[in-house]
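Trainee: As annotated in TrEMBL:
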- His38, Leu40, Gly65, Glu86, Asp114, Asn129: S-adenosyl-L-methionine binding site (BINDING)
- 1-10: compositional bias 'Basic residues' (COMPBIAS)
- 45-214: domain 'Ribosomal RNA adenine methylase transferase N-terminal' (DOMAIN)
- 1-27: region 'Disordered' (REGION)
Amino acid sequence: MAGGKIRKEKIPRSGGGGTGAGNHYQGGVSFHKSKGQHILKNPLLVDSIVEKSGIKSTDVILEIGPGTGNLTKKLLEAGKMVIAVEVDPRMVLELQRRFQGTPFNNRLKVIHGDILKCDLPYFDICVANIPYQISSPLTFKLLAHRPAFRCAVIMFQREFAMRLIAQPGQNLYCRLSVNTQLLARISHLLKVGKNNFRPPPKVDSSVVRIEPRKPLPPVNFKEWDGLIRLCFNRKNKTLGSIFRQKSVLSLLEKNYKTLNALQLSQDTTSQDTEIAELAALGDGDAEMEVEDERNDDEMEVEEDNAATDKAAFKEKILGVLKQGDFEDKRSLKLTQVDFLYLLSLFNKAGIHFS
């Protein structure tokens, strides 16, 4: 990590592999499995990845975790410029030494930092063999980048890659599948065995192509994610069963009442700000002080009214599911179009998820 203290590594006297457990060497630099440092050692595989990326001679290429530069060299040969983001200062120095004094030196920009914390510059295409522990946050950081890039060709752990491309009805189909496929077209390019890396990881990998959708679907993404989280919390249960849960009904009813209160106001501030301000009004013990002043008869009447309101709201929710014929369906088998339609039905009924 940038700015942290670097522990000095003992390099073995012989020129072979490292003697320390979990450490492997290339050019005097040790690789650490714990940091996700697995360097591609198969030159044919590197060539294949570059070829499948469809790089143009005018492309600015973003590479994440370049390591010692085996893939970087091929990218420099194919494109106009490579922006390499590397968190390990030892690898940064190795990369700079490798290309210093070569024709590629002026076309390589090395950024020393954490890819999840860096502000990314403009790029046309991303090609990377990434640390697998950052797969999910990195994918969504890239998809949120503006202006949108043409495509990304990324090496993922195989199971993660299979979740990205999973289709409705498949066991690996999940919230990750739905959210990424809403934002991008995703295709599997090739499977990569663990022996193609130094040091070899414990799992196989896959190379995936990600193409951001242009334009994005006209949907409120906070609303969308709220719905998808609920639906995939129990993806094998029917939607009728999920939306009958007290916790789900309570959450949606709270949103419903809050938004209804907002609609009565003529305030022109943003909806998110208004919701936050209204929610803050419920903090503290003011409500308890009012309740203490009421008599038992008033309490009973209000409890009866509350029960009636909850029952009516439950019927409202189930009515939406029945309207779209969703009550007996399961999230595991619903398509993007199904979820968009379901969200639109809920929103028309005044039900919101953010």
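One-based numbering along the chain as shown.
Including glycine, each Cβ sits where the backbone N, Cα and C put it.
For each feature listed, report its degree of burial, its nearest neighbours and the pertinent distances within the displayed model.
Mentor: In the shown protein chains, 24 other C-beta atoms lie within 10 A of the C-beta of Gly65 (S-adenosyl-L-methionine binding site).
Mean predicted confidence for the domain 'Ribosomal RNA adenine methylase transferase N-terminal' (45-214): the pLDDT average there is 95.
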Trainee: Give the residue from the binding-site residues Glu86, Asp114 that has the most other Cβ atoms within 10 Å of its Cβ, counting over every protein chain displayed.
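Mentor: Counting every other Cβ within 10 Å of each candidate, the maximum falls on Glu86.
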Trainee: Which one is it: of the binding-site residues Leu40, Asn129, which Cβ has the fewest other Cβ atoms within 10 Å in this structure?
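Mentor: Least crowded of the binding-site residues Leu40, Asn129, by Cβ count within 10 Å, is Leu40.
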